[in-house]
Amino acid sequence: MANDASTVFDLVILGGGSGGYAAALRAAQLGLDVALIEKNKLGGTCLHNGCIPTKALLHAGEIADQARESEQFGVKATFEGIDIAAVHKYKDDVISGLYKGLQGLVASRKVTYIEGEGRLSSPTSVDVNGQRIEGRHVVLATGSVPRSLPGLTIDGNRIISSDHALTLDRVPKTAIVLGGGVIGVEFASAWKSFGTDVTIVEGLPHLVPVEDENSSKLLERAFRKRGIKFNLGTFFQSAEYTADGVKVTLADGKTFEAEVLLVAIGRGPVSQNLGYEEQGVAMDRGYVLVDEYMRTNVPTISAVGDLVPTLQLAHVGFAEGILVAERLAGLKAVPVDYDGVPRVTYCHPEVASVGITEAKAKEVYGADKVVTLKYNLAGNGKSKILKTAGEIKLVQVRDGAVVGVHMVGDRMGEQVGEAQLIYNWEALPAEVAQLIHAHPTQNEAMGEAHLALAGKPLHSHD
Ligand SMILES: Cc1cc2nc3c(=O)[nH]c(=O)nc-3n(C[C@H](O)[C@H](O)[C@H](O)COP(=O)(O)OP(=O)(O)OC[C@H]3O[C@@H](n4cnc5c(N)ncnc54)[C@H](O)[C@@H]3O)c2cc1C
């Protein structure tokens, strides 16, 4: 450790995940003296148990699907099976490369990195490894962990969380996924590609229930076609072990059996026994409460990432961490517009969106003020080449800006960059229609959708 007992850092950060390390890197760049405390591995959930490993599994699944479907493209290949150890090696190599890079970055910015489990010991200090680390300001960034339900014990073998699913040493023959949100549908998609017979159980009426209903319905259609089963609209009641697996019973008495049960019902904040309450930090159901500048009610303490009740996404953590660093360095901090955050679910096909849903737009602006347009990817050359189906749906305030872009289709996550510029710059359809989109790309579908919404459709019907 670089400091001695008398050092007072400008900033002490508890938790080295997306939110914490982004705050550390930006604050150090702005000349602040930063201590970053992490009990496990720098990079947190996203790098080691979240975004990166899941996307590697999904990519391996995509390769498997391509091998199976190669004949549709005139290519002779045979799918022989999944070597799960090799899949894990590929995934772990990706993680370790990024991990090394991140460690190098933190060191090069002269952040004082402290390995150990920290505890908030005063409004300006964290205790770790028997030492008190003092700072003018403290950022809480302890993140989240998988949640379960009362009476449902995660054993790590037959009843598992996403953490276990990422290191499972076998491809299960059958699996029940409890929860049809982002994490649930991503694992269902990857497992199906690996050859598992998957059933998703979701209590709400749709998969990816926070997305525009049109996206949910398109995903459900695509999953049905892929043979991914799902049961919607009935809540889980209980789970019990069978001779060789797990039996799940729903509230209506329906039962499902499988080799493994993945519990993917959401993630809860890591905030217990960390001294937060003792220091007077206001909390709600374990989440640390903050204002739009990520300030808690204690003037010297901020909080970011999954620990606060905003969208649980790595790039939200980055943005919140940067916001805090800039505010503390005396720069003008701009609050995050959470509707303007791009959201991608990386299943096959992908679901991507930014802005608000049609239902929300009607609530906000009134039903008669909302216009929608759906552009079918069947009219898009590149999507045809890829043999993917889906839509781009636009939600517009009548005679005004586009306030929602909702997409389903393979690789549509890559289109969310332009979609977020459109939303965040409050673009009018006619302005986007003016921009030329390259042919033949899937990005062209974004242009075509706006051409149609602006009243001058090219490759779509009036
Ligand atoms: C399966 C899965 C897939 C995901 N996929 C995506 C995706 O594709 N895209 C996306 O944007 N987001 C995704 N996420 C969400 C994303 O991982 C999180 O939003 C992000 O990691 C939150 O960052 P954070 O810094 O708030 O918390 P975390 O990343 O959880 O980091 C918190 C850190 O604090 C440390 N810590 C906790 N307590 C202490 C303590 N007392 N002392 C010291 N250190 C402590 C932890 O060890 C951890 O490293 C996914 C999550 C999961 C689980």
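Each Cβ is built from the backbone N, Cα and C atoms, and glycine gets one as well.
As annotated by TrEMBL, domain 'FAD/NAD(P)-binding' applies to 9-321.
The disulfide bond annotation in TrEMBL covers Cys46-Cys51. Taken residue by residue with DSSP, Cys46 (disulfide bond) is part of a helix.
The FAD binding site annotation in TrEMBL covers Lys55, Gly118, Thr142, Gly143, Ser144, Asp306. Around Asp306 (FAD binding site), the C-beta neighbours below 8 angstroms that are at least 6 residues distant in the chain are Gly17, Gly19, Thr45, Gly143, Ser144, Arg267, Pro269, Gln312, Gly317.
Residues or ranges marked as NAD(+) binding site in TrEMBL: Gly179, Gly180, Gly181, Val182, Ile183, Gly184, Val185, Glu186, Glu202, Gly266. Other Cβ atoms within 10 Å of the Cβ of Gly181 (NAD(+) binding site) number 20 in total over all chains.
Residue counts for the domain 'Pyridine nucleotide-disulphide oxidoreductase dimerisation' (341-449) under DSSP (helix as H, G, I; strand as E, B; rest coil) come to 46 helix, 31 strand, 32 coil. If you look up TrEMBL, you'll see 341-449 marked as domain 'Pyridine nucleotide-disulphide oxidoreductase dimerisation'.
Within 10 Å of the C-beta of His439 (active site, proton acceptor) there are 12 other C-beta atoms, taking all protein chains into account. The active site, proton acceptor annotation in TrEMBL covers His439.
Sequence-ordered, the extra residues of this chain that approach the NAD(+) site, with Cβ no more than 8 Å from the Cβ center of Gly179, Gly180, Gly181, Val182, Ile183, Gly184, Val185, Glu186, Glu202, Gly266, are Val177, Phe187, Ile200, Leu207, Val208, Ala264, Ile265. Using Cα positions, the member of the recorded positions Cys51, Gly179, Val185, Glu202, His439 nearest to Gly118 (FAD binding site) is identified as Cys51. With respect to His439 (active site, proton acceptor), the closest of these binding-site residues in Cα terms is Lys55, chosen from Lys55, Gly179, Ile183, Val185. Applying an 8 A CB threshold to same-chain residues 6+ apart, the list for Cys46 (disulfide bond) reads Gly17, Ser18, Ile52, Ala314, Gly317.
Cys46, Cys51, Gly118 are the recorded positions among Cys46, Cys51, Gly118, Gly179, Gly181, Val185 whose C-beta comes within less than 6 Å of an atom of ligand 1, given in sequence order. Shown in sequence order, Ile200, Val201, Glu202, Val263, Ala264, Ile265, Gly266 are the residues of the chain, 6+ apart in sequence, with a C-beta less than 8 angstroms from the C-beta of Gly179 (NAD(+) binding site).
When other Cβ atoms within 10 Å of the Cβ of Val185 (NAD(+) binding site) are tallied across all protein chains shown, the result is 29.
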